[in-house]
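Undergrad: First the structure, which I've put down as structure tokens, then a few questions once you've had a look.
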Amino acid sequence: MVDSIQLYKSVVLHPLLKNVPVVLFLNKMDLFEEKIKRIKLRIYFPDFNGPEHDLKKAKHFFKEKFEVATEKLINNVFYTTNTDIS
């Protein structure tokens, strides 16, 4: 996730995209939902202050991480599932 935030930041803060609205797609939410049940997010992100295993709080936490990285509010966040399990 740290790498994703850095990549997102480098794209969003590019001078050509300065005044472009931001849309964030967070994919593989099915996998994230399963992981959040088993792991303690605080181990990897000590600044997470929500209850452990709370999917809603974790999703909000990461939305804010992307916003803080770019200093831009994200009006549209799409939590998607596109995992090929075949």
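Glycine is no exception: its Cβ is also placed from the backbone N, Cα and C atoms.
Any TrEMBL annotation is an automated prediction that lacks curation.
Keep in mind the model is a prediction, meaning the values are calculated, not measured.
Got these off TrEMBL a minute ago, pasting:
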{"type": "BINDING", "residues": "N27, K28, M29, D30", "note": "GTP binding site"}
Undergrad: Just how many other Cβ atoms lie inside 10 Å of the Cβ on M29 (GTP binding site)?
TA: 17
Undergrad: Taking the Cβ of D30 (GTP binding site) as the centre, how many other Cβ atoms fall within a 10 Å radius?
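TA: D30 (GTP binding site): 14 neighbouring Cβ atoms within 10 Å.
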